[in-house]
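Residues or ranges marked as transmembrane segment in TrEMBL: 21-44, 271-292, 299-317, 337-365, 435-465, 485-505, 587-608, 629-649.
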Amino acid sequence: MKGSKYHNYPEKRLFRRRSCTDILCLALFIGCLAGWVCLGYFAVRTTPPNELFAPTDYRNRRCGYDDGVKDRPYVLYFDLLECVPPKASIFQCHTTRVCVSECPKENFYLKQHLNNFYDARSLRNKLICKDDFDKSKIRDKESAMKAIESKECAEWYLESKPVYRRCLYDCIELYKPDFIVTYLNEKPENVTQLTNTHLHFDTVYYHVLNSITDKDTIFRLAINKESDEFRSKIEKWEKSEISGAVGRQFFDASKFVAEFGHAIFQDLTIIWPWILIHVCGAAIISFFYIIIMRWISGILVWLSVFSSIGLLSYSKHRIHLAIELIKEGSKAVMCSWSAVVFPLFLWLLQLIFIAYAILLFAYLINSGIPVKRVKGLIESSECICHNGYVENSSCDEKTFDKYCHRINSNDIPCSTAKCVFSNEETKKQSIYFHLYNLFMIFWCLFFVSGFGQMVLASTFSTYYWTFNKDNLPVFMVGGSVWKVIRYHLGTVSLGSLLLALCNWIRVIIEYIYYYINKYDNCLIKFIKCCCSCFFWLLNAFLKFLNKNAYVMCAIHGKNFCTSAKIAFELLSRNILRVIILDRVTNFLFFLGKVTVTTCVGIIAFYFFTNPVPSIEDILNQEKRYKVDYYFVPMIIICAAGYFISSLFFKVYSMAVDTLFLCARKYI
């Protein structure tokens, strides 16, 4: 900006001798960061990486690793249908899990065996039960049904394959006509005949997964291969309301998704270089848009407010100031072009913190100190325990059988009283670690964001207070990074701490409300709504205050509280200018994002709707590749273009805000 009124103070003011600010808060941040790293070290030490995603059984033992199940690396679900929505959520599965040495290689249904019951030993060998259940108790049909009703054994299971050490039957096969071949062992021509007569198997899938009352008949017929009765059953279902539409629609949808996904994957493997080229084009367009803003900003702004004559006449000078700041901001960004690229490194750093927090969360879930307690001793009338073992007391599983045995025999261990894991104790110990992990990820993310804002503010304030632009430092961003690291990391730590606390409390409130929401209390909903509104407003205010405090700290080199006070007083005196500047810049930046996204979208549309040459095609001069679903790369390119332009315009916005505070401070 030209004019002596903007430059009444010597540029040495910015480069005066500085001192470290908010050192105590920086020390607190370093200490908490060290604690976060130590927590990760503790989690890794207690849970080796290969045990991280190990499946657990009904006693919370990790299959293949913990005592008693080291030779059984896989987990089997008693009723996998209980894990299918809507019966279960994505993180819950209300069925018994047991560790097994291998996944089932055959189909089993208890009632089918009971109908032909002749050998209890054979039945016991086929049954999959809990570890603490004595299979020798199964001697007849009644004892077998009792074991199923008490959920000590699995009622049925199918041939399964290990998927991440979980025994799952191949649901994809249930979508295909091969399902009939697999479970009925029919000839292919018979399957074709069934298909041609519209006797689709999808009704079987529908009834099985939704656990209809006739599920017993389905499994019995499928395993016994009673094909005639099976066909008649399908014919009845075909005539019913529930059989036809739902099953076929699900089958058609799953088939379309599979084909669609395969085609998209094939397209992306060939055209990914062109997607990267278009993304780079979005960055170039954003860069040039910022350059030309110094010439077209006035035209765009006046056109946008031309219809508001009253506002225009009242705010003419303020809008003119906003236009001048936008023009000057474009010059400032061009004089320090590395500032445009700088946020990319901060974004990558934030991704690293997020990845660490997610990994630590996964480790903490599996690294809780196992607390084992005595369970089932009160209900037992045949057991006696020594060594101070009583119901719910802590115990050692390795020595439990030595001190707890049957009353009439010291050598026979108890069958009802056991030393088992206590899930409640484990959760209570780990919840504090999870809260700490959540707080630290918030603090680190806001710290990185605040560090970037402080560096950019220092860069653009250096541009403003350097009157002779020929004397601008060559590496303004590098110098600003060093200055912030050397003097003002404590200020960034304090500002990010306030934001982290605010968002941490917001998440805790949402978490608490999730558990008490079932009571459907109007007062609870009202309190939650008030708290959410308050912390949302507080979060928005702190973000606004922090940003301007960082700018004033970059100019004066004072601590956070002093800088925030100066910035708040300055903005309060110029509230109308702040509002107009904010509205004008938001409009222009939104227009810029739309322009960039539209340009790359149009280019991508005309490029991918025609045959696209792959890199190999260009080298070998072969035929071009026709993209099956051109809108997929278009969506990817438009999303990437919007993201890139947002990063660019955040830098531009920081330049405008910094120049505004610099100008208003000494006018």
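The backbone N, Cα and C atoms fix where each Cβ goes, and this holds for glycine too.
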| field | Feature contact check the transmembrane segment (21-44) with the transmembrane segment (435-465), CB under 8 Å, 3 or more pairs | value | yes
| request: Mind checking which residues of the chain, 6+ beyond the ends of the transmembrane segment (21-44), have their Cβ under 8 Å from one of its Cβ atoms? | output: 356, 359-360, 363-364, 367, 433, 436-437, 440, 443-444, 447, 487-491, 493-494, 496-497, 553, 557-560
| remark: Near the transmembrane segment (485-505) in space but 6 or more residues beyond its ends, with Cβ under 8 Å, are 18-26, 28-29, 438-439, 442-443, 446-447, 449-451, 454, 535, 538-539, 542-543, 546, 549-550, 553-554, 557, 559-560, 563
